[in-house]
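Novice: This is the feature table in TrEMBL:
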- E107: active site, proton acceptor (ACT_SITE)
- T30, G31, S32, T33, D85, G86, A87, D88, K98, G99, G100, G101, K125: substrate binding site (BINDING)
Amino acid sequence: MQDPIVIAKKAAGEKAAELIRPGMVVGLGTGSTAYWAIQKIGAMVKQGLEIRAIATSEASARLAEELHIPLTTFAETQQLDMDIDGADEISEQLDVIKGGGGALLREKIVAFHSRQLIIIADQHKYVPVLGGYPLPIEVIPFGWEVTYNRLQQLGCKPLLRKKQEEIFITDNGNYIIDCAFGTIKDPAETNAALHHIPGVVETGLFVQMAHTVVLGYEDGSTQVLQR
Ligand SMILES: O=C(CO)[C@H](O)[C@H](O)COP(=O)(O)O
């Protein structure tokens, strides 16, 4: 029997992919939920759908290539029609924490230049207030120790992300510090405060960027929320 969380993620990913129309330039998100959207897009392309896509990570680019989804770049196209990406937490205001998979910088660039950001997630990611999930922050390796200290002074418990004892390196050659805030009462204010710290490249706070959220449930149903 399939894992209920996988059923929920797959339902959300596939539902969002169905919103794609011919000719669109589409952002391909990163993570285990975006995986299902990309699989569905691959199947739609195989059936004749003509689109171009920009991937938010090297991993998603590789998956797209395997599925023969035509990829483009910002050198060729400056605007995307739709971006479909996962989330680590979604608030009732549809603010989002992303970056659990470490792709937050490219994810935010792609989302910022998309006419529509569709966030896909299983039901458990939908929470009354953000902050239970430690906020991923991409930082420049130079001086990360002092960046870390400043993050701590902002009231979070920071942790340098590691992968099997080694420092985790993003697709952009940077580090990630996961900042446990507990509660983020004002996401816009927190995001602005974080951006004041030199060395912070980007945060995983996507404030009022999502236009639509597709939640997947463990019975395979979905719920669509609009901002
Ligand atoms: O932001 C992300 C990667 O940087 C992911 O979208 C987020 O971590 C959710 O991942 P998953 O769908 O595997 O739960």
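Heads up, the Cβ atoms here are built off N, Cα and C, so glycines get one too.
Automated prediction, rather than curation, is the source of TrEMBL annotations.
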Novice: Take the mean position of the Cβ atoms of T30, G31, S32, T33, D85, G86, A87, D88, K98, G99, G100, G101, K125, the recorded substrate site. Which other residues of that chain put their Cβ within 8 Å of it?
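Specialist: Going along the sequence, the neighbours come out as G29, A34, A103, A121.
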Novice: Just going by other Cβ atoms within 10 Å, which of the binding-site residues K98, K125 has the emptiest spot?
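Specialist: Fewest other Cβ atoms within 10 Å, among the binding-site residues K98, K125, is found for K125.
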Novice: Any idea what the Cα distance is from A87 (substrate binding site) over to E107 (active site, proton acceptor), rounded to a whole Å?
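Specialist: Just about 11 Å between their Cα atoms.
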Novice: Given a separation of at least six residues and a C-beta threshold under 8 Å, show me what packs close to T30 (substrate binding site) in the same chain.
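Specialist: Long-range Cβ contacts: A55, T56, S57, A59, S60, D85, G86, G101, A103, R106, E107.
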Novice: For T30 (substrate binding site), what is the secondary structure by DSSP, using just helix, strand and coil?
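Specialist: T30 (substrate binding site) sits in coil per DSSP, no helix or strand.
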Novice: Where does D85 (substrate binding site) sit by DSSP, helix, strand or coil?
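Specialist: Going by the DSSP assignment, D85 (substrate binding site) falls within a strand, counted as strand.
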Novice: So if I measure Cβ to Cβ from S32 (substrate binding site) and keep only same-chain residues at least 6 apart in sequence, which ones fall under 8 Å?
Specialist: V6, K9, G86
Novice: Are there any residues at least 6 positions away along the chain from G100 (substrate binding site) with a Cβ closer than 8 Å to its Cβ? List them or say none.
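Specialist: Once residues fewer than 6 apart are set aside, G100 (substrate binding site) is near G31, D88, Y133, P136, G204.
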